[in-house]
Amino acid sequence: MGLCAFYRLGELPLVSGETLLETCIGYQTFGQLNANHDNAVVIFSYYSGTHASYLPLIGSGKTLDPARWFIVLVNKLGNGVSTSPSNSVLQPGAAFPRVTLLDNLRAQERLLFEHLGIRRIALAYGWSMGAMQAWHLAVARPHQVQSLLAVCGSARCWPNNQVFLDGVRAALCCDAQFADGHYHTPPLRGLAAFGRVYAGWAYSAAFFREARWRDLGFDSLEALLVDWEQDHQALDANDLLSALHSWYHADVGLLTGGDWRAALAQIAARCIVMPCDNDRYFTLEEAALEVAELRQGELRPLISPYGHCAGAPARFATASAQIDSAMQALLYP
């Protein structure tokens with residue numbers, strides 16, 4: 001994992017009425033903020049990801065070149081790096097309060113505009129849940145976010161997406177070892193079930209029908225599913241559920257009295273929205289509904305059998321090239 005700094009905010013009042021104690025946001029920066037304080041590229045962590053997940057995108061000669069841009073990788077609350085159930089001293093495990101993306105937004109605004117001194121953001125970008133955070137920032141700061149790249153991530157959690165989340169949550173919580181979050185040893189059976197159920201949503205029907213798991217180096221479908229189980233067994237169950245709560249309740253409309261259309265209409269940034277045509281939970285159809293409300297919105301779908309996973313940073317060459325092209329269009333118009 002890349003070197004990470006921490007911005008300590010102390011007590012953070014939450015939408016729920018609770019207070020998050022000893023709040024800190026983990027982040028990593030590359031490059032220097034220019035004299036006008038307007039060359040920032042802000043990238044938000046996805047569901048099970050961290051700042052390190054985006055490191056392959058950054059480097060000399062790449063679109064995200066630190067010689068040109070001040071790049072900020074931000075860890076959301078609950079991801080195991082920023083304040084989370086797994087690392088909180090005063091509110092550990094099941095005692096961790098309910099955190100939303102609005103709460104993340106308020107902490108991120110303080111990091112970006114107060115602590116780092118950014119005045120304008122050249123690009124807000126993220127994949128999946130990272131895109132949801134980028135949407136929130138573009139709504140909250142319409143005159144400070146110049147462009148938005150949302151890859152396989154919507155401005156709100158639509159009902160179909162919530163049904164998906166209900167399913168993976170139920171798979172985890174059904175493990176008696178989970179004990180409503182008061183576990184002393186990891187609920188490994190629940191975590192494995194979480195990963196196996198998740199895998200069925202993460203890729204397209206064509207991916208499974210055409211045995212595209214071979215592209216990923218697996219010799220059988222079962223091997224892929226076992227990998228998903230093991231990957232999630234390495235994560236903290238309460239962290240997963242904390243971040244899932246934030247995802248489930250995400251809605252930029254909460255910034256405008258509950259009207260998501262009004263929220264999107266106030267975004268001044270140039271936006272490129274890149275759903276995958278085969279994404280099962282951040283769907284192309286719902287992305288189109290959101291783009292229709294934007295002042296400067298372009299729907300530019302990824303055409304890929306890899307479904308939601310197509311948008312993962314630097315994971316699939318063809319999709320990654322499409323994402324990089326969109327990033328160049330926004331940063332070098």
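Glycine too: its Cβ is placed from the backbone N, Cα and C atoms.
Record features (TrEMBL):
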type	residues	note
ACT_SITE	S128	active site, nucleophile
ACT_SITE	D279	active site
ACT_SITE	H308	active site
DOMAIN	60-153	domain 'AB hydrolase-1'
Three-class DSSP secondary structure - H308 (active site): helix
Winner by Cβ contact number (other Cβ atoms within 10 Å) across the active-site residues S128, D279, H308: D279
Rounded to the nearest Å - Cα separation of S128 (active site, nucleophile) and H308 (active site): 8
DSSP-derived class (H/G/I helix, E/B strand, else coil) of the residue listed as 'active site, nucleophile': coil
Counts by DSSP class (helix H/G/I, strand E/B, coil) across the domain 'AB hydrolase-1' (60-153): 30 helix, 19 strand, 45 coil
C-alpha spacing of D279 (active site) relative to H308 (active site), in angstrom: 5
